[in-house]
Amino acid sequence: RDVTIAPTSVKREGATIVCGIDEAGRGPLAGPVTAAAVILGGRFPDERLDDSKVVHPQTREELAPLIREHSRAWAVGWAWPEEIDRINIHHATLLAMVRAFRGLDVTPGLVLVDGRFALAVGAPCRAEIDGDARIPEIMAASILAKTARDRWMVRYARIDDRYGFESHFGYATRSHRERLRLHGPSPIHRRSFKLC
């Protein structure tokens, strides 16, 4: 079945072009925080669309190209570890979201952002708590942000293979903390976080 992009539970205020924005990577000890902005182009042809946190990694990888193909517009934004350390993870997350929005080549009539904070982006914007579980545009953004960040971490693991970034993507697993104690922080570790 198709996933409709206009659930009745979400007020769209008459907007026909709706952008969803979500992030990935607030919690890890290393790597960027990544955001995506997505304007779906109609009905999404795959019922597996959901919050990236509950979608199997292989399914996320299958959905990401479908989202890009079936979107009217999409973009990814980044905030880097040195920015996270300088302005804190909250503000870096909002920065990545704004950068994703600015990468769009279509101006939406309404922006829906997962979480508690709206963005100042020059378009009507509303924060939606648990939007990644309810709103297809935000679900799609969640998946694009997560897959983009995971790929970046896998690529970085080829540059520096001491930490196992390709398996834990910078999150605070036991293996990651053990390698941190052994090797000390890498250039992409967030110095403002408690690393060990």
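Cβ atoms are placed via backbone N, Cα and C, with glycine included.
Nobody curates TrEMBL annotations by hand; they come from automatic prediction.
According to TrEMBL, the features are:
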type    : residues             : note
DOMAIN  : 16-196               : domain 'RNase H type-2'
BINDING : Asp22, Glu23, Asp114 : divalent metal cation binding site
Binding-site residues (Asp22, Glu23), the one with most neighbouring Cβ atoms at 10 Å: Asp22
Cβ within 8 Å of the mean position of the Cβ atoms of Asp22, Glu23, Asp114: remaining residues of the chain near divalent metal cation: Ile21, Ala24, Ala35, Ala36, Met97, Val113, Gly115, Gly131, Asp132, Ile138, Ala141, Ser142, Ala145
Confidence summary for the domain 'RNase H type-2' (16-196), mean pLDDT rounded: 96
Residues near Asp114 (divalent metal cation binding site) in space but at least six apart in sequence (CB under 8 A): Gly20, Ile21, Asp22, Glu23, Ala127, Glu128, Asp130, Gly131, Asp132, Ile135, Ile138, Ala141, Ser142
